[in-house]
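See below for the structure under consideration.
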Amino acid sequence: MSDDKRAKPEKSKYPVNLLDTPFPMRGDLPKREPQWVKQWQDKQLYKKIRAARHGAKKFVLHDGPPYANGDIHIGHAVNKVLKDMIIKARGLTGLDAVYVPGWDCHGMPIEIQIEKQFGKGLPVQEVQSKARAYATEQIARQRKDFERLGVLGDWENPYLTMNFSNEADELRALGKIMERGYVFRGLKPVNWCFDCGSALAEAEVEYKDKVDLSIDVGFPFAETDKIAHAFHVPLAQLEGKPGWIVIWTTTPWTIPSNQALNMHPEVEYALVDTPRGFLILAKDRVEEQLKTYALEGTIVATARGDALTEVRFHHPLAKMDAGYVRTSPVYLGDYVTTDTGTGIVHSAPAYGVEDFQSCKAHGMPDSDIISPVMGDGVYASTLPLFGGLSIWDANPKIVEVLRESGNLFNSHKYEHSYMHCWRHKTPIIYRATSQWFAGMDVDPVDNGPTLRETALAGIEATEFYPAWGKQRLHNMIANRPDWTLSRQRQWGVPMAFFVHKETGALHPRTPELLEEVAKLVEKHGIEAWQTLDPKDLLGDEAAQYEKNRDTLDVWFDSGTTHWTVIRGSHRDELYDPAADLPDGRLADLYLEGSDQHRGWFHSSLLTASMLYGKPPYKALLTHGFTVDGEGRKMSKSVGNTVSPQDISNKMGAEIIRLWVASTDYSGELSISDEILKRVVEGYRRIRNTLRFLLANLTDYDHAKHALPASEWLEIDRYAVALTDRLQKEVLSHYQAYEFHPVVAKLQTFCSEDLGGFYLDVLKDRLYTTAADSKARRGAQNALYHITQAMLHWMAPFLTFTAEEAWQIFAHGTEHKDTIFTSTYYAIPSVDDGDTLLQKWHEIRTVRAEVTRQLEAVRVEGDIGSSLQAEVTIAAGGPVLAALQSLEDDLRFVLLTSAAKVTPAPEGGDLLVTVTPSQHAKCERCWHYRADVGHNPEHPTICGRCDSNLFGAGEHRSHA
């Protein structure tokens, strides 16, 4: 270890062993980290690690791909650093911990960028070409930032969902799930964004407050006789006055599409006589609603909802235009509530999931469903009264027309939580369109369990970190609708079907044709579908079929990467045949933010359940979102965002890594300037400890100077036993993917166990005993083992610093290039370790009390440093025995010039007496001793220093 070390030039007549190290006190991280990243790239560090682990058991953390658009933000940094720490921690156990980074490349955000740059209306092929080029540029930018964070991985060969092979294999996955009977086409209300012009996945929907017009609308009685019968009142009583069943809604724009009314079968409904006419309302809502309508009223009769089933009412706009002359029947629904509104729900099956299900359950054919809202949010021109208006602009006009009709009972502004597109931040609607779905509850062709059943069983077989994620994902799968696979976009993997022009049926050879298209895509990308002439595959049948123009949901892109990447493009690196065993999984771990329970975790579970009948992962790990120091969500408008690039340039990426590691990622991760300042202070403590260790190992060569543990001094054996105990805790935390306890314990170890005790005691022996004495070499043995262990503990999160120190520490050894080809250090066993841990715990407790008493005397001005003092300790029991066993070495433990132990009176407490020393100070060791000047040739040093410099050297037994 001494090849590139240097000792400070000694000027003193009585030198001490003060050594230097190339490991600087200041990390200078912003300047030096980029140099290290370049070195790692130049020497292909990741490949060296893979070569070192060749043949070892694999550990696969499959990367959830970030989207290839824009610079990385602090959330990206958290995610990538967490993954990197886990990969490195697992790799240091000897596993072949592979990391292939990936990117999600298709989809709407990139299409939007192409529109912004080049305008709308480009040919599809040109959009795809420009989108591919744009994504490539974005990936290069993001990759540079990820590598800057010290993240090691196969950056030269990442997976991209837009790679031709991945696009082709995605089509093959679609073919497989079709063959197994999960895919169908149908008319259903789906989340629809007018700005996207496309259906949205559940994961693409967010909720924000929105102010809408809330209206109470009356549907006039159409079958008065049936109403009289249901409420058991004479028909004549109802015939003299008008009557309405009243609904409440916050979506006036759906009224033109009303086709039914929903009532709860078991709720009591009231027939209320008012000056305006008869009203039907839920009995529990009568008082509240009449106040709202400014009406007095009397309940004439009541009836349960099921008594009114199939009774019909006139459409409220029938008087205003003949196009609305129709009636709406009452259908029963358990989902109707009486918490708010009237207890009656108006049903527009084209624009509500429950509305649609209710109408379909009552036999309404798809062709009868009224759906006037077009994909851009504008009513079809053929819609009476409101054609050509956007639905949002139509709302106030609809209210006005209802008022004119005499059927409006109330309208007011109403704030509520409403669905928005996560990209455009604009309101979305449910809209019935013809789409391709993966059925959650359809029977697969093998008559096995449904997709929902398979996925729920898979959740039970998955580990969750933290544990609450299990119930969250379970609830989402248990309650989700069918998965809308199709999108009406251009930059996406095509649903490459041939559809019969007249019947709409798929070509009978669809699985075979999908494989043919996949082969073309493998060579030319998804662009091949655009240029494909159906005749090339269908021959004479081409005239009867047309190409489907839908693309696959981008969540299907990333959700099938276990198929397209682990089994496909990166099979050699990632695939383990054991994954195909009944309990096998393709990945050990998926790790993402908590939003991915409804995103990537979710889509990956569904696709794997359809393809293999089990999850793709053994475990799911979830981290929280970043917030500022006050717990507020990061927002550009608030101005509280924190840029990882800025932190790296000002403080160093190591500080980001340490912040991530020191934060409990299972909750929100707070970050601010003040928090980062504390992280920097913690980093300096660790770095200073490392510097001390490395400096005092400068002249140590383990091959020459190693000693068996039995020949070390007692305090050295204690320190190594303490290190061994901590290592067991550290490795246990790493196994459970816990980092913040490791950081906390490492910092405590550095500041209290080492800096506050062991190294403090050790300085005298390291500096003053003979350089090659057993006392000093024994101390260096302990320091060597502690440093080995410590560097491995910190390497997963303090990667730059651990590697920097390792280059100095491991110079000339087998793993000199990188700490990451080695494994966690096997700390030598200390036979009496448990006994020493207990004994020295008691000694340290006494030392803390002595230090407190010394400080009190120092504050009084009676002493300067603790070496100016002599102490007498009165103690009893095991404490007395422990202190007495140290003999004269006790003074070195207490950092005093003399220490004496006496038995305490029976039952007496520990008593510490501090006395200023009356002796002279040794120029060399600074102890105040009676024998200073005993050798006239060296009148300024003590007998111990005289012996260490010119004689046989002092004897140490314990410390």
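Yeah, the Cβs are placed from backbone N, Cα and C, and that goes for glycine too.
Residues annotated as motif ''HIGH' region' in Swiss-Prot: 66-76. Distant neighbours of the motif ''HIGH' region' (66-76): 103-105, 107, 109-110, 113, 135, 138-139, 141-142, 145-146, 160, 593, 625-626, 634, 641-645, 671; these residues of the same chain sit at least 6 beyond its ends, with a Cβ under 8 Å from one of its Cβ atoms.
Glu592 (L-isoleucyl-5'-AMP binding site) falls within a strand segment according to DSSP. Per Swiss-Prot, L-isoleucyl-5'-AMP binding site is recorded for Glu592.
Remote same-chain partners of the motif ''KMSKS' region' (633-637), defined as residues 6 or more beyond its termini with a Cβ less than 8 Å from a stretch Cβ, comprise 73-75, 625-627. According to Swiss-Prot, the motif ''KMSKS' region' annotation covers 633-637.
Look at Swiss-Prot and you will find Lys636 tagged as ATP binding site, backed by sequence analysis. The DSSP secondary structure for Lys636 (ATP binding site) is coil. Non-local contacts of Lys636 (ATP binding site) by the CB criterion (under 8 A, 6+ apart in sequence, same chain) are absent.
According to Swiss-Prot, the feature Zn(2+) binding site maps to Cys922, Cys925, Cys942, Cys945, an assignment based on sequence analysis. The local packing around Cys922 (Zn(2+) binding site), expressed as other Cβ atoms within 10 Å of its Cβ over all shown chains, amounts to 24. For the recorded site, Cys922 (Zn(2+) binding site), the DSSP three-state label reads coil.
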Item to check | pLDDT averaged over every residue in the motif ''KMSKS' region' (633-637) | outcome: 79
Checklist outcome for this item: With neighbours defined as other CB atoms within 10 A, the best-packed of the binding-site residues Cys925, Cys942, Cys945 is Cys942
Item to check | Rounded inter-Cα distance in Å - Glu592 (L-isoleucyl-5'-AMP binding site), Cys945 (Zn(2+) binding site) | outcome: 60
Checklist entry - Near the Zn(2+) site, what residues other than Cys922, Cys925, Cys942, Cys945 in the same chain have a C-beta no further than 8 Å from the centroid of the listed C-beta atoms? => result Thr768, Glu923, Arg924, Trp926, His927, Arg929, Val932, Ile941, Gly943, Arg944, Asp946
Next on the checklist: DSSP secondary structure for Cys945 (Zn(2+) binding site), reduced to helix/strand/coil, please.
Outcome noted: helix
Checklist outcome for this item: In all the protein chains shown, the tally of other Cβ atoms within 10 Å of the Cβ of Glu592 (L-isoleucyl-5'-AMP binding site) is 21
Checklist entry - Within the motif ''HIGH' region' (66-76), how many residues are helix, strand or coil going by DSSP? => result 3 helix, 1 strand, 7 coil
